[in-house]
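K.L.:
The structure's right below; bear with me while I get my questions together.
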Amino acid sequence: MWRNLTRIFVSVQTQRNLISAAAHWRLCATMNTELEPKLYCPPSGVRGMTSLDKEAFTQTITVPALQVPTGVVNKVLKSLKKSTIQRPGVPRVVQDKEGNADFRLVLLDPHRVSSTSSFSEAEAEALRAFGVSEELQDYEVKLTYDNLKSEEVLEAVLPQGQEVTSGFSRVGHIVHMNLRDHQLPFKNLIGQVIMDKNRGVTCVVNKTNIIDSTYRNFCMEVLAGEENMVAKVKENGVMYEFDFSRVYWNPRLSTEHQRVVQLFKRGDTVFDVFAGVGPFAVPAARLGANIWANDLNPESYKWLQHNCKLNKVESKVQTFNLDGRAFIQGPLKQELCTLLKGETSVHVVMNLPALALEFLDAFRGLLQLEPACEQNLPTVHCYAFSKEDDPAADVVLRASRSLGFPLENQCSVHFVRNVAPNKDMMCARFRIPKEVLFCRNEEKTEPTEEPAPKRQKCDKSTDST
């Protein structure tokens, strides 16, 4: 039977999950590429600095300037917007050096304007129209640490020829980084720079270990700022609060959370087997669905309840602190018997991609003592990681093995995101076959024709959901 699964029809949605700008912050994937000509060239003495000395970055540079009548300054700025100096904290307009109140100096980018011939025809025409002399003056600008971008500081400090820093995620006031080994000697400096250059960030942490395979939270150390780990996050219009150090939260999944929640309708019943702090359960309840949400982690369970109250949906959500298998074979089973006789849809969300496929066997014979039916069978949304060349087919094959039933032509697979080189996160969606849900012990099949697939483990270098 299993060899015939090569004909599995899989509908794969190939669009990439666009990361919400509000939930996700990235510095740069790499800073090894050559930048535009630099206005700021850091002193060589800052290279190798491990404790941040802001004064060491101070430098005075000379830039060209135009003397402009005060009354036309704004018009000139508009006409020369591509040629004026662009630098955080550095004004484009300053007082005239002679103190003449009738004039201001407009500072220019020295890499774009080195002489009067540097102006475009349109710019030169505008200057003539506003009665501005094209004669350039020199003006000294003092650049300090506060005027520098984070990548400029880090590029100046870290060893040449190496990646400056990887991307980071922002969770409320917390920035979460995954530093490489060569960056660790500079970790506290990196943390301080990231905190200084991102408004509202008061804590920077670095992941120091793999995600806990039981509770999905990871070990971390504070690189800079306060040790307040209770974050407040707004995702898709929903507020969440949680202790980031003791639960799992991934801001890169906001689009995926929204995609799945939009599949639910008012009156539907949703069983969230690995609910976390509620990124599926709470917004689904706000839409009018009836939620049964479970998580094994006591901290996640606590914050799940808190977030239900915070969003005023506690009456729509029943919460549980059980192992996923116990939740399926307990509360879900008890409620499902009644739901199958109703008319509203039933959904099961299994958001634990490292292990969720292994829990699907809990549905085998779940209702074996009930009369079989084909109506209103639950729709499962099960997440998984795959390193295979065809991740969709791989996920369907593994789901079929766990269920003991081939999902031929019955399963669609959605690409969620790439979590590491050659490792994708996928979401399989299918109705639980009646042959699985109602099979009796003597009817249960075991996949004996081929060896069991390799067990998916939480890798050190990967994200979970």
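Yeah, the Cβs are placed from backbone N, Cα and C, and that goes for glycine too.
This is the feature table in TrEMBL:
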type: DOMAIN; residues: 168-434; note: domain 'SAM-dependent methyltransferase TRM5/TYW2-type'
type: BINDING; residues: His257, Asp295, Leu296, Asp323, Gly324, Asn351; note: S-adenosyl-L-methionine binding site
type: REGION; residues: 442-465; note: region 'Disordered'
K.L.:
Comparing the binding-site residues Asp295, Asp323, which residue's C-beta has the most other C-beta atoms within 10 angstroms in this structure?
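P.N.:
Ranked by Cβ atoms within 10 Å, first place goes to Asp295.
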K.L.:
Compute all pairwise C-alpha distances among His257, Asp295, Leu296, Asp323, Gly324, Asn351, the residues listed as binding S-adenosyl-L-methionine, and give the largest one in whole angstrom.
P.N.:
22
K.L.:
I'd like the Cβ neighbour count for Asn351 (S-adenosyl-L-methionine binding site), meaning other Cβ atoms within 10 Å of its Cβ, all protein chains included.
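P.N.:
By my count, 25.
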K.L.:
Among the binding-site residues listed here (His257, Leu296), identify the one with the smallest other-Cβ count within 10 Å.
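P.N.:
Relative to the other binding-site residues in His257, Leu296, Leu296 has the fewest Cβ atoms within 10 Å.
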K.L.:
Would you mind checking how many other C-beta atoms are within 10 angstroms of the C-beta on Gly324 (S-adenosyl-L-methionine binding site)?
P.N.:
21
K.L.:
Considering every residue in the domain 'SAM-dependent methyltransferase TRM5/TYW2-type' (168-434), what is the mean pLDDT value?
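P.N.:
Mean pLDDT across the domain 'SAM-dependent methyltransferase TRM5/TYW2-type' (168-434) comes out at 95.
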